[in-house]
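Okay, structure first, notes after.
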Amino acid sequence: MEVTMEDVAGDFEFSGCGSTTTTSSASSLDDGTGMCYAWGELSPVADWANFCCSDDDGGHDLHGLIESMLCDDTLVGVDDDGQAGLHHADMFRDDLYCYGNGSNPSSTTTTNPGSPVFDDPTQGCPEKGLRLLHLLMAAAEALSGPHKSRELARVILVRLKEMVSHTASANAAASNMERLAAHFTDALQGLLDGSHPVGGSGRQAAAAASHHHAGDVLTAFQMLQDMSPYMKFGHFTANQAILEAVSGDRRVHIVDYDIAEGIQWASLMQAMTSRADGVPAPHLRITAVSRSGGGGARAVQEAGRRLSAFAASIGQPFSFGQCRLDSDERFRPATVRMVKGEALVANCVLHQAAATTTIRRPTGSVASFLSGMAALGAKLVTVVEEEGEAEKDDDGDSAGDAAAGGFVRQFMEELHRYSAVWDSLEAGFPTQSRVRGLVERVILAPNIAGAVSRAYRGVDGEGRCGWGQWMRGSGFTAVPLSCFNHSQARLLLGLFNDGYTVEETGPNKIVLGWKARRLMSASVWAPPPLPVPSSPPEGVCQPVVGMAPVATGGFARTEFDYIDSFLVEPAYALV
């Protein structure tokens with residue numbers, strides 16, 4: 001009988017992967033401040049010597065890592081409208097887009113702060129840009145507030161569509177503001193028509209975005225990886241913190257709240273197998289958290305297959321499994337299979353404007369995951385999230401300002417956020433390029449629609465101002481980022497265009513921004529210590545149920561709740 005990954009609740013072991021390691025030569029890079037770092041000796045997440053070189057020298061750069069996870073035959077296809085998807089061979093043609101680094105690649109700050117996109121709204125026609133901005137705000141006001149009028153909103157949206165209609169054909173003359181306004185107009189129209197899941201769940205949002213061809217999604221994601229630091233910034237920071245935390249452990253278990261395409265873990269695997277001290281790579285086990293039902297579980301399985309194939313290709317001992325959220329999207333620690341002796345790590349990537357994941361899970365779901373991983377005795381928790389203007393600092397009093405301002409304020413917050421993303425992508429993605437259009441259509445447009453829908457519902461709560469305050473209030477403590485991690489972030493930004501900034505807002509947190517706008521942050525935390533069971537009074541017999549202390553600092557759980565349901569299934573090797 002053929003058994004698929006969806007039928008198996010356990011891990012997918014790669015017993016054929018030995019512990020042989022490849023030792024990279026130590027190489028030093030100047031970070032621009034006169035200090036030289038021996039990257040090879042410290043086994044960084046990114047092999048910077050190779051990352052900065054071309055493929056001709058045989059180096060395993062990050063682009064190669066990503067491309068190795070994408071099958072060529074998945075990048076060609078036909079969309080629902082009959083148009084062919086972008087072929088893998090076309091992705092690097094010069095006539096499609098240009099990779100234009102800034103004149104000063106080591107710079108991570110800018111001397112030209114201001115509101116991006118709005119600085120030059122329509123490339124020579126600022127009046128039209130201001131009109132678009134005012135009409136968008138008026139449409140948002142017409143959809144909410146004490147004087148809302150759906151008919152007025154409909155009239156305004158008709159006018160907006162007339163003003164941006166030429167952007168539908170990816171007209172080279174369309175400005176950044178016009179293209180951005182077109183997507184926000186569509187998002188508002190979706191609210192008016194009820195085509196966006198205003199009152200629906202995350203699964204409905206996933207279904208709404210599933211019509212894009214899988215090859216187009218992967219292609220757009222890879223292009224976004226190549227042309228911007230949005231994904232790499234959070235991934236590299238989290239991975240470096242994980243490497244440092246588990247450097248002495250022989251078995252590592254990462255529970256990933258939103259694995260997406262699984263790209264984050266390729267660089268971690270490479271770092272584990274290329275330690276300069278010759279220590280064999282630890283066994284890595286990744287458990288991906290998925291939603292109950294169809295599409296989410298299948299996407300996780302595909303990510304697991306790609307990661308498993310990549311691990312086998314570099315000799316990384318690896319196994320992969322998944323656990324599902326409850327129907328109300330709550331995380332239950334009992335669904336995670338625990339093995340004695342593993343260093344447990346929680347990875348939580350949330351709310352990214354430039355990502356293929358368009359769904360923002362409820363704050364209650366995120367909170368249940370963070371508290372659940374603390375209850376399991378996680379050694380480290382990494383959090384990557386969007387950075388809102390309401391969170392100027394973790395200790396400020398402006399946490400609820402965005403929510404207090406209602407839909408219009410939150411709508412304008414999202415408009416400013418995506419205008420910064422648009423502006424930052426312009427240097428790497430010329431407006432007229434096919435790749436730029438693909439990224440906008442497949443990634444940014446669905447994310448804008450989701451952001452506007454969430455703002456309309458006002459569902460973000462504490463998630464809008466970041467999780468720092470909640471985690472401190474729940475007993476989590478900040479884990480300071482190493483100097484190495486800070487330097488790695490600065491080097492990463494040096495590979496891209498001027499205008500990107502990196503800012504330290506706490507000992508455990510760094511923020512990626514574009515000019516004056518904060519966009520996303522990465523932070524590292526340690527969960528509160530597990531409570532030690534109290535001893536019963538002398539002479540009193542008190543049975544211990546499922547919480548006996550163990551040497552690893554965690555606790556043993558009842559077999560009924562935590563183990564039996566997983567061990568009935570055999571492990572399968574994927575070839």
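Here the Cβ of each residue, glycine as well, is placed from N, Cα and C on the backbone.
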Here Swiss-Prot annotates region 'Leucine repeat II (LRII)', and of 302-334, 533-565 the range meant is 302-334
Residues in the region 'Leucine repeat II (LRII)' (302-334) per DSSP class, helix first, strand next, coil last, are 15 helix, 7 strand, 11 coil
Averaging pLDDT over all residues of the region 'SAW' (453-526) gives 90
